[in-house]
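K.L.:
Let me give you the structure first, and then I'll get to my questions.
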Amino acid sequence: MWQILLAISIFSLSKLSNAQQQPKVAPPQITNFLAEDKVAPEEVKFRDTDVWQLVLPCRATGSNPLKWVWKHNNAEINKNKFIFDRDWELLSDGTLRARGLNISDRGTYQCFVEDTVTKVSTFSRKLRVEVTAVGDFKSHKDFTSSVKLGEPLNVECPPRGPSFGVTFAWTSKKARSIQFPISNRVAIDPSTGNLHIMYITEEDVSTFNDLEGIRCTISAANTFYSSGALTLQIIPGKEIKLSSPSFTSSTSSPNENAVEGRRKDLYCEATARPPPKLVWKKNGVELKSGIDFIEIPEAFEGRLLSITSVKESLHETTFTCEASNNQTIASGPAQQNFVLNVEVAPRWASKPPDSLKEIPISSNGNLSCDVYAQPEPEIKWYRDGREITQSSSKVEVSGSKLLFKDTTLDEAGIYQCSAENVHGMIVSSTYVKVLAIAPSFKNGFGPFYLFQDSEGRLKCDPEAAPRPSTFKWFDENGAEIKSGNGYTIEEDGTLVITKVERSQHAGKFSCYAKNFLGNATAEGTATVYDRTRIVRGPSDLSVNEGTRVDLRCEAVADSSLELHYTWKRDDATIEYNRRVQWLKDQNVLTIADLTVEDAGIYTCVAYTPQPKYSEAKASAIVNIAGAPFPPTNLMLSSECQNRNTTLSWVTGESNNASILYFLIERKSQYADDFWQVIANVTNPNATSHPLVKLAGNADLAFRIRAVNRFGPSRPSEPTGSFCRTIRAVPEKWPDNFRGVPGKAEELTIAWTAMRRVEWNGPGLYYKLWYRRVNSGDALVEVRREASSDSFVVPDAGYYRQWEFQIQAINEVGEGPKSPLVKQFSGQDPPTGKPEDVTVGTITARSVELSWKKVTFTRGSVDGYRIYFWGESRVSAKRRRRAIPGYASVTNVTGVNTERYTVTGLKPYTNYKFVITAYNSGGNGPESDQVAADTDEAEPGPPSDVQVFVFAKYILVTWQPPSEPNGVITNYRVGTETYTGSQPTDVTVNMEETGVEARRKLLRDLVPETNYVVEMQAATSKGWGTSFRKTEKTVAWAAPAKPEKPIVEGTAVDEVRVDYKFGLGGGYTHDFLVMFRKKIEGQEFQNTSWVDHFQQQSIIIGNLDPELYQFKTVARNDYPSQENPQESPASDITEARPRPGISNVGKRVSTPIYQSAWFIALLVLIALLLLVLLTFVLYTRHQGAKYLVGKREKKRAAALIDREHFDEEEGSFSNNGRADHPPPYPSQGSLPRGADSDRDSLDDYGEGPQFNEDGSFIEEYGDEKKAPPEEKDPSSLATFV
């Protein structure tokens, strides 16, 4: 009973709180807080009251008034501090700011925000702040140090007050600006200021005396303090001349701790005479600045090693400082080791908890605080700003997880996870929203598309919280559908139909869904379509390289749906091109000129598009003869947790050619990744290979190809289990990093965004640095998202050189920095054009050009662009006046280049050339155009060559070459047998056919024999490239069944029948035509036999004007010439003679459009319209006048427009008559073509003609009237 009451209570409460449980009051959320600690020296200065040194934003949102509280080192900052101390302020948006700071103000700062009405609160992470400060020396008393010449001197910088971010120097007592010089013999410890001189010389004593002693000076934040002065007292003794290196006490201990992401300095000092050379090594390998975040500043003579950003994976190891000089003994240099232990401030191991978590009422959920840190962090959970100290029946704290059980509305709120160790703290904030929603189908239900004889799935997915506990399905008759008898109702409510039947399953379905808050029912219609089926799939093939394969795929689908096809090779979609084509009308995928890379598994996918999606697949294996079979049984030795594994395999058949090597390919789960070769195993007997430094944070699969002299095998099946790697730092910077100058004063820095598999971890972004070269400015740093590929440099200036650098960073750490790249910003294009362009040596495929170089004072000339275009000299008639869009271009670099040979031209072609100077701003003005005709050359192979193979004949047909390279003068064709495996070595004797021939029958061949067919075309330069093809003649047999004949009416009582032979049998010697009227009971009549060698068609006359049926029969000398066997008759073609009056006086029907009366009627109508139009034009314009000024303006505008059109569109001319008359024809001059060199006076005399009435009617007529030359010439075309 109490369970029912509880359910009723919850139901009532849920109704009051609205189905979505959208809160009326938004809880407070911090929206702006610093992501980085303020710990860099000089970032926060002490005692500076001019500016606000500490500014910590803590903006937050919420429905009610908010209250901000800040804590410093876990103690609340008293609000009175903001009232009485003018150097501390708490702004209305929660920002804390301060100035005039002291060293005591360093530490952690944390922001708390509270809703003043609901008392719900939230908080930020603890932000670490270091105050750059200088402590004064405790004593300023001078002091003296006694030392012998040749012995080392070590002097401590005297005690002083607390300091941070300071630098040390030893300066003159007379003037602080005069420093005691640092050298390879003199060092100052950067962390303590202690002075170390390897050995004292007379020069040192003299320097001390000149400076009147030296003082330890400490400085930071524009503050300086100096200690008392040090003077030297020299003790008499014998000077030590030479010594080998030995290490003094160091401020760095043998075991050092560092924090990931922060700076770490290691310092070593050695004494020797002469001064030693210091080298830093990591695990025995010498370190260099700029690699793996290592910097060895030259100012410290190699004593200081700085790691600018510590990485656990790179730097948790042993570093060695080695010292050596010419006194180093045979045992090697002196060494000092530093073992670096890297600790880590808390960070999210994968990602922080979501900012919003929706949990259906009465359901379970969880929040995970997945953190990585060293040492282990303390994890705490908070609700509405209050720590959850113990679990309840509804919310349980389980280490880094927070578990919600049987959730009620009371569990809604702000939940925060904090993870803290000695190095830092991170905080998450999640609003947990409890949903209570009765089932609703407002987002729709159906329609459903099912396919005959396939599995059908009908989803029932209402909006509901909790998920419905009850689902019921009903058919259109209202009968409930239960699991069984071909139905299954899955847990999520989906109705599964095992095998769809149209008669049973087309119609309406209803789904009923219920939870304890309510129920809902929806009705949808199911339509059943015929499923997609492949009726003829591709077959497995083994073919030779260089041949062609045809893969057929025919499918059927529902007639109301559109059927599509796509092809895949090894699961990658095939891109169609000139070599790989899908012949849609034939349902054939054809691949020409096969290469070994084309081997693979080809899959045809036939489908109907979404939402009515149905697909069918069929696959075939295509092996390229000679290449090995792929390896099998691929195995991985481990799951790749450390980014290393070993791949093993079983070698496949080599196909009679020894395997040379193996190619290992890799692919990840990311959508932008593809199969990529990552290893070349050169040992042909290998059966395993180690894979190291794999891509991080990825699920990887591998496959392998074996390679022999014929090429690579098909790829193996990929590894069955994924290789899942841990996260790592990026190992590269973005590819194609460069500068791209744009218009004047523009510069874009561009790169190729890194593919997801190259990230090595989540959260990738780029750091970009840039500055103007030789400006003295610091590098400007910007941050760019992983998907970005460019950055526009602000205020780039006119033709200024910039330098820039990029780095990829992810949540694990920083990748390597790119080298500095330099580029000039944008400039204007050159203003001059190349002059005196001349043509030099000409060959069939090249033209030499020369010109005078261009100078440009406001930037650079990077080179020249040569534009060229042409057309065959056979058809060339006109010259272009502007560069057409299809022109080719060649870039010639170098401003001083004045001669260049353009290659790759087509023979026997008229080319035009235009040259421009260019730079990053674009092209300069165009040069004058020059022309050249290339010489003839040998032609390419004939085109559209078809080879029809029979038993004793081969028929070859062709068309002229697509690359004639001149005037074709002849063809030749021939054939020759071959028995070896290399038919290219066979010499073919060919017979000339003459230039007009388009077919050649090769006779007297041997059945079932391999032949090489070869043919060539010729120009005056000789025979061109051969077309060669290997074929095998068929067995001796009668002709195959002919194709349907082509029949055309040639007269009112006759037709021409064209014979079309069939393939697969012997060649046709003779053929006859069988014909009859298409009347029931009519018998076929036969023509006499026609010699197929002499003619391929026949005229049949004396026919009636009725429909006839025609078919053909063929024969040859099989099995004997005396008793030949006829072929089967072809299929029937129906046709009739040409309509008209027959010669026997019978009238047949004539189409209306060919009737004489209809043609006469059209002519009469046209004449009437012409007379009417002439009358209208005459009456409108008679006696009209207009002003001379307007007429002249119109004429000038027309001339300008015409000139503009010529310049943009281009026009052609030659020495003959122009294709179109000029816009203002001269009445007293001969026609002439357009000429760009004409003088402006050439247009004089082309004005309007003088009429008999003594006035210039055209010139001064009605201003509405267009002059004759402005009329559209097409206006009368209809009546001509």
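Think of each number as a place in line: the chain as shown, counted from 1.
Placed from the backbone N, Cα and C atoms, the Cβ positions cover glycine too.
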K.L.:
Choosing among Cys369, Cys511, which residue does Swiss-Prot name as bonded to Cys417 by a disulfide?
P.N.:
Cys369
K.L.:
Which residue in the list Cys58, Cys216 does Swiss-Prot annotate as forming a disulfide bond with Cys111?
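P.N.:
Matching partner in the record: Cys58.
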K.L.:
Taking Swiss-Prot as the reference, Cys604 is linked by a disulphide to which residue in Cys511, Cys553?
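P.N.:
Record-based pairing for Cys604: Cys553.
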K.L.:
Nearest to Cys58 (disulfide bond) in three-dimensional space, by Cα, is which of the disulfide-bonded residues Cys417, Cys460, Cys604?
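P.N.:
Comparing Cα positions, the candidate nearest Cys58 (disulfide bond) turns out to be Cys417.
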K.L.:
Given the disulfide-bonded residues Cys268, Cys369, Cys417, find the one whose Cα is closest in space to the Cα of Cys553 (disulfide bond).
P.N.:
Cys369
K.L.:
Under DSSP, the domain 'Fibronectin type-III 5' (1039-1131) has how many residues in helix, strand and coil?
P.N.:
0 helix, 38 strand, 55 coil
K.L.:
What Cα-Cα separation, expressed in whole Å, is found between Cys460 (disulfide bond) and Cys604 (disulfide bond)?
P.N.:
33
K.L.:
Where does Cys553 (disulfide bond) sit in DSSP terms: helix, strand, or coil?
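P.N.:
Looking at the DSSP assignment, Cys553 (disulfide bond) belongs to neither helix nor strand, so coil.
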K.L.:
Please report the Cα separation of Cys369 (disulfide bond) and Cys268 (disulfide bond) in Å, rounded to an integer.
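P.N.:
Just about 42 Å between their Cα atoms.
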K.L.:
What is the Cβ neighbour count of Cys511 (disulfide bond) at a 10 Å cut-off, with all protein chains included?
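P.N.:
Result for Cys511 (disulfide bond): 28 other Cβ atoms within 10 Å.
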K.L.:
Of all the disulfide-bonded residues given, namely Cys268, Cys417, Cys511, which is spatially nearest to Cys604 (disulfide bond) at the Cα level?
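P.N.:
Going through Cys268, Cys417, Cys511 one by one, the closest to Cys604 (disulfide bond) is Cys511.
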K.L.:
Find the average pLDDT over the domain 'Fibronectin type-III 4' (939-1033) in the predicted model and report it.
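P.N.:
Average per-residue pLDDT within the domain 'Fibronectin type-III 4' (939-1033): 92.
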K.L.:
Of the residues in the domain 'Fibronectin type-III 4' (939-1033), how many are helix, strand and coil by DSSP?
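P.N.:
Within the domain 'Fibronectin type-III 4' (939-1033) the tally stands at 3 helix, 46 strand, 46 coil.
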K.L.:
Nearest to Cys511 (disulfide bond) in three-dimensional space, by Cα, is which of the disulfide-bonded residues Cys111, Cys268, Cys321?
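P.N.:
The smallest Cα gap between Cys511 (disulfide bond) and any of the disulfide-bonded residues is with Cys111.
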K.L.:
Can you give me the Cα-Cα distance between Cys417 (disulfide bond) and Cys321 (disulfide bond) in Å, rounded to a whole number?
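P.N.:
Cys321 (disulfide bond) has its Cα 43 Å from the Cα of Cys417 (disulfide bond).
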